[in-house]
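Here is what Swiss-Prot says about this protein:
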type	residues	note
ACT_SITE	H275	active site, proton acceptor
BINDING	Y24, Y129, R164, R278	substrate binding site
BINDING	S106, Q127, T155, K251, 306-330	FMN binding site
DOMAIN	1-380	domain 'FMN hydroxy acid dehydrogenase'
Amino acid sequence: MIISAASDYRAAAQRTLPPFLFHYIDGGAYAEYTLRRNVEDLSQVALRQRVLKNMSDLSLETTLFNETLSMPVALAPVGLCGMYARRGEVQAAAAADAKGIPFTLSTVSVCPIEEVAPTLKRPMWFQLYVLRDRGFMRNALERAKAAGCSTLVFTVDMPTPGARYRDAHSGMSGPNAAMRRYWQAVMHPKWAWDVGLNGRPHDLGNISAYLGKPTGLEDYIGWLANNFDPSISWKDLEWIREFWDGPMVIKGILDPEDARDAVRFGADGIVVSNHGGRQLDGVLSSARALPAIADAVKGDIAILADSGIRNGLDVVRMIALGADTVLLGRAYLYALATAGKAGVANLLDLIEKEMKVAMTLTGAKSISEISGDSLVQELGRSLPAALAPMSKGDAA
């Protein structure tokens, strides 16, 4: 299969992966309206084309939390990454490291902190959920500090798991799930050999290190379901802020008032995110939510954004809407499932190329020159038609 664009990796991943894994990452919550709008809304953001600007000195380099990034992109935390390629977290992290951008390890990664961190030249980031078991949270934070992780990404939009209907149909959950997954693996021999057999152990490394025993897929589902904490509040985060010495980023912000609360709390950054449309269907896409949040807190806190970003043009759009940096999730996982480290490396090269084309044709020589002025105002920052709040009957 020819890979000429980031979107090609999705089709390739669907061929490679057993359905329960493909649909787990590809799907969203409920009827998946927000999942689709994340992509659709961002695609409607119109950029101003500018010409004759002498773009010979164009640079994508930027600085975030005292780290130099080759471009304003980081790899987002994605659970079960090691089920998509053999020791997938190690491979994805290596590609990000070689590109000069951060990799974020998920709490529920297959490969533990101690396996991934020593393979990298630059410090990785670590993501943590709000969980009832505070002992696990402290243990994970201690291990992340010991491994030299620089930035903590604290996910707050998952006090309870979203209703993901695709999972029951695909075999990730539902009746006879284990038998269905086994049969799917048999029907996908490339994955079964590379990951199913040679990618073991298939436990959740960060959790296994704490519990002292392997945790398989069923254990993962059960343990997480019993440990998400709906009682969490800003006050419960104070001990984490005191414990963690480095930058702390709050992930899962969609409302300007929550963004202001993050500033008052003392966070170093926020991620404007709806969890890739995987938590609550019907909420704003990140592209819809970002401009108002940027108006509220830009300059007071670093603004990152995810959800719906599929290519370099989308990165430029998000920055023009108010983000400082973006996180890639599904896009890099499709590439990882297709070709491992080489796939992620090629994806990042494609995104870099697409960003350079977009910046050259909009007259932005540097990341700091991408702003609201880069947008066609009728379809730009105000976005009265494309990105106005959804009205009744407006669902796609």
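Using the three backbone atoms N, Cα and C, a Cβ is placed for every residue, glycine included.
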Counting every protein chain shown, other Cβ atoms within 10 Å of the Cβ of D314 (FMN binding site) number 25
What are the non-local neighbours of G322 (FMN binding site), defined as same-chain residues 6+ apart in sequence with CB under 8 A from its CB? L290, P291, I293, A294, D295, K298, I303, A305, G372
Are there recorded positions among Y24, Y129, R164, H275, R278 that sit within 10 Å of D306 (FMN binding site), Cα to Cα? If so, list them; otherwise say none. H275
Span of the recorded substrate site, as the biggest CA-CA distance among Y24, Y129, R164, R278 in Å, is 19
Conformational class of R310 (FMN binding site) under the three-state DSSP mapping: coil
List the Cα distance (Å, whole number) between V326 (FMN binding site) and Y129 (substrate binding site). 20
Does DSSP put R330 (FMN binding site) in a helix, in a strand, or in coil? helix
Same chain, |i - j| six or more, Cβ under 8 Å of R310 (FMN binding site); the result in sequence order is A6, S7, V39, R330, A331
Here the Cα-Cα span from Y129 (substrate binding site) to M318 (FMN binding site), rounded to a whole number of angstrom, reaches 25
I'd like the number of other C-beta atoms within 10 A of the C-beta of D306 (FMN binding site), please. 26
Cβ neighbour count (within 10 Å, all chains shown) around V326 (FMN binding site): 27
